[in-house]
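The domain 'B box-type' annotation in TrEMBL covers 25-66. For 67-115, the entry in TrEMBL reads coiled coil. Under the heading repeat 'Filamin', TrEMBL lists 184-285. Per TrEMBL, region 'Disordered' is recorded for 287-328. Feature annotation from TrEMBL assigns repeat 'NHL' to 338-381, 385-428, 429-470, 474-517, 521-564, 565-608.
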Amino acid sequence: MEAQQASPDSSSEECTVLEALPGKGTALICSQHKGKVPALYCLACENPVCVDCMNGEHAEHPTDSLENIVDQRLAALQDRVDSAKNRLPQIREAVQCLRDILQQLNSQRSSIEEDIHSSFSELHKTLDTRKSVLLMELEVTYGLKQKVCAQKTQLTVVFNRAILIRLNMHIFVYTIFQMGTIVTTNAVASQTEASGDGLEQCVVGQQATVVITTRDKSGGLCKTGNAVISAEVCTPDGSVADGEIVDLKNGMYEFQYTVKKEGHFSLALRLYDQHIKGSPFQLKVTTNAASTGSSDGGARRRSAKSPGSRSRQKGVRRGGSLFSTPKKKVNPIEDDLIFRIGTKGRNKGEFTNLQGVAACSEGKILIADSNNQCVQIFSNTGEFQSRFGVRGRSPGQLQRPTGVAVHPNGDIIIADYDNKWVSIFSSEGKYKAKLGSGRLMGPKGVSVDQNGHVIVVDNKACTVFIFQPSGKLVTKFGSRGNGDRQFAGPHFAAVNNNNEIIITDFHNHSVKVFNADGEFLLKFGSNGEGNGQFNAPTGVAVDVNGNIIVADWGNSRIQVFDGSGSFLSYINTAADPLYGPQGLALTSDGHVVVADSGNHCFKVYRYLQ
């Protein structure tokens, strides 16, 4: 008889054993002996066997009761079931954990995907914004350069014609009357002076005299005559009093005139159609000599724009023909250049692309020297005091300082365009903190309001940010565009006595005024060269009377407006023309200081408030 082969699957074997028990399944029939029911279990062969099998091939094998074996196997299965049941909570928890992880992965995937889209969208927006700014700056620069080239060409033509006229006519050459001797003069208007009692006061009907002393460009006295001097005494209604110029042939001239009625008049003295130093003068005419003492000591004051003041200031003023009668060009404001400081370079008192300007009550002038990565400090009289700044992109270093302001507590606040933050230094130049990091895209100008908040003009973002000195954002306003609350490359800011914020909107060619909460109040200016028009305004300041002083970059001039934006006058910069002025401020002694960026210097002008 062949032995039954045992299955290698123990679980199947256990099932076979279980099924062999009566009442627990179909009765098991011995595979070797038909009709015989197995009652024993061969432990060696691991098979159920019948009695006949035990008498045969399984005679010497150990056996056990089939029922005992079934009970053992049932107990083992029950243990396995219980063990599996005990592990079910862990399995369920693991499954739930896997589900949570899967859900979290899906959520993170969506979030990261959204961040990627947002980041690339912001990059595209930033690139488009930068592209737009560069194209607009290119257009403005092209227009300025084109205008300068045209002016130089025209000035060259005028100069050449003047040379020919001088060589052929009798203005400076008196060969016939001087028997072949050429008589010339090197007098300049900006150094020529006037003196005498008739300069400020005179009596009705009596002749008054003004002495005019000509000087050369270095201030030296001229000792020959023949200069073209013109003089006008203008009454309020525009008429001119009688008078004549007497050449004393020694570099000095007398203007003798008579006024026929009392009142206040304007006395304009010009050399080669240019106002001499201090011109025009305010003249008081009275009916008797006893009342000629001026109640204000003869001090000159700036008046509002008169109907007759039609001339406008440009970067270069073109003189008239040498033979023409000097035309009436009343300078509406009696301010002159006091001094200029700087040349192109990297040493103390030298600049490379100076930008922002600030002044403080301690009598200091601060200059943001952009390409030299530092701030230079001078006295109100132009004496160099100190400078600080180290090039770099770490906190406390400067990469491209463009704006500067002084906090009431003495701290120096610097807008760093390339580092995209605002740095705060002590009055001695020691680094203290930074603000706006992560928010700003290209800060250009800074100012401080009456609450001590720091106002930052973000040129790239076309937004104005207001921070506490601690760095906490108070508010922000503005976006790119040409609307009332929008900007296109804003540059600098100033704050008036009402705590209103004044912003120069470079590419929109206007100046806009907002309250401290960023609400729009008014704007003024348009693109052009006329009075009250701009070609890309930059620096801005406010005087004690609320008048607004604006640097007109493309027109290379400085204009003055009242608080409502009405044009008043311009600063007289003709003696030493500006070229691309940037930052502008009022010094503690009441003068105007401006960063003449194209000439790599700063200039200080008299400003009579």
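Every residue gets a Cβ built from N, Cα and C, even glycine.
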For the repeat 'NHL' (565-608): best-contacting stretch of 184-285, 338-381, 474-517, by Cβ pairs under 8 Å: 338-381
Whole-number mean of pLDDT values that fall within the repeat 'Filamin' (184-285): 84
DSSP residue counts for the repeat 'NHL' (565-608), split into helix, strand and coil: 3 helix, 20 strand, 21 coil
Secondary structure content of the repeat 'NHL' (338-381), with strand meaning DSSP E or B: 3 helix, 25 strand, 16 coil
Tally of DSSP helical, extended and coil residues in the repeat 'Filamin' (184-285): 3 helix, 56 strand, 43 coil
Counts of helix, strand and coil residues, the repeat 'NHL' (474-517), according to DSSP: 0 helix, 24 strand, 20 coil
